[in-house]
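A.B. asks: Before I ask anything, let me first share the structure, which is written out below as structure tokens.
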């Protein structure tokens, strides 16, 4: 490479030993073209608009390898030293023409036969290219693209991540909320977006940052030097930001966020182990069984995170333009992430043990308080470290969804992202089921002890049964003609236990017991709302049991304490009925939506816990401040207070959210359709 650095002419560089290799003679021009195409494919594997991917290009893009396999170099033989010299000269000339074309385009003087890189991809090399000494600034950029990111540079980046995972998670979700608010405030998103881009280019036409407006300012704080992928020195000096399109830069940012957030997560996990779990004073206070319940298999979780982070680091170090990360996510989810299910399934016992230790052991409470005050913890409580694994596995699924929304449709990357998302969703569901199973078993045992059967006994405890809703309603007595007379005496208390497959109707008796007088399978229930017949008969609905415990159809007229309570019972009893805004048997292109701006923890089985920045479809709502919604990213449904969210008013943003949701879950939908057709057959 010495001749390149000394500024030799291009004609001298072409007179190298490569022309004397065996085989038929090859023209210099075709040799330059072929080598340049090969380098572009090697250096920019994630850039779909490079010249190897253009329509009618003779060199198609290299296919991605199968899921779970480590990406390796192409099978073609390595380039020799003369080949590399020739290649560097060709790429240097291409970079020079790229800048010349951009400059001339800005001045309104683009020569014939030369395309603008912002409209038609990389520029073709013409027959007559300028000699190398005329473009000395292009060479360092090209060489930066050839060399991968150094290990030292990556280690420096990781060390300078000053945020604990809890801080990163809060910052990123709050930024996501603010970004969505700004988008929702735009009356015409397309015009506003165009105006913002024009304004940005007018302020700084020569900066690469004006090409894209990232949604999340990742890890932005005083101790974190690098905020985004495009802020890396290697990226800023390589010239790659002048080649990639804005959507492709956003994809790089999405993949980069997954990597750096894993580093932040590992840092917090390491603090949980080294600062809390391995504290000598805490070890002396806790019995081994108590320590096992409190920390579970966190060492296994940290080992899995470390292995995962090392593979992600290696991928980033391979090339400054990240090729993909979802294949690595897929491999680790399938082979290693089962440790998350074990940890999260212990959450019920972990929370109970922690509360009991705080209450019973003063020494434990004092040590934990002192450890929390250490500057390392940044004011975060011990409990926030204990729930890290569950928060991470759910967040990782959302990060893969974010990548999936940015990859090209029907591409190999989309397939990889869909497979990774599918496996992560399986793990998250297993985690949720693990938590529910622990609490459900105890709850079913407790209910069984309280029931006394006036009718034929029904077995309550079952591995496939869980409680959906329980509560008191008012049952109307007497003939229909006397409903308006002395209405208070016409109603008496009735208590319902609704399970996922069974309804049990009871009356409360002394001793905190319930006497069962009727029951029916949940699938044989029907509900009907009565029209408003005055204040005394407000919030009344009819419950029909098509086949009760005596194998006959019966009806009950029930009164709820409020409108929201009535609707919540009706939806729980008959979940497939049409709601106010959408039919459950059809999918509308648009329906009301809210985004969560305050976290909410479910208080009843039919309620839905919410995290910041969750987006939900509004399926129904009441006048007394409750919403029945479906969360888009996992399609979970439930009730929550309307004060927890902000309605999304812009119809284009709502439509975009739905389209992204359908794209993420399209593999699930196709699977459901296959199962549905099999069931019909």
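First residue shown is number 1, and so on along the chain.
Using N, Cα and C of the backbone, Cβ positions are placed for all residues, glycine too.
No curator has checked TrEMBL annotations; they are predicted automatically.
I grabbed these lines from TrEMBL:
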type	residues	note
REGION	47-81	region 'Disordered'
REGION	102-133	region 'Disordered'
REGION	180-213	region 'Disordered'
COMPBIAS	187-200	compositional bias 'Acidic residues'
COMPBIAS	201-212	compositional bias 'Low complexity'
DOMAIN	250-434	domain 'DH'
DOMAIN	466-578	domain 'PH'
DOMAIN	589-650	domain 'SH3'
A.B. asks: Count up the helix, strand and coil residues in the domain 'SH3' (589-650) according to DSSP, in that order.
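C.D. replies: The counts are 3 helix, 29 strand, 30 coil.
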A.B. asks: Using DSSP, tally how many residues of the domain 'PH' (466-578) sit in helix, strand and coil.
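C.D. replies: Counting residues per DSSP class in the domain 'PH' (466-578), I get 24 helix, 53 strand, 36 coil.
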A.B. asks: Find the average pLDDT over the domain 'SH3' (589-650) in the predicted model and report it.
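C.D. replies: A mean pLDDT of 92 is what the predicted model shows over the domain 'SH3' (589-650).
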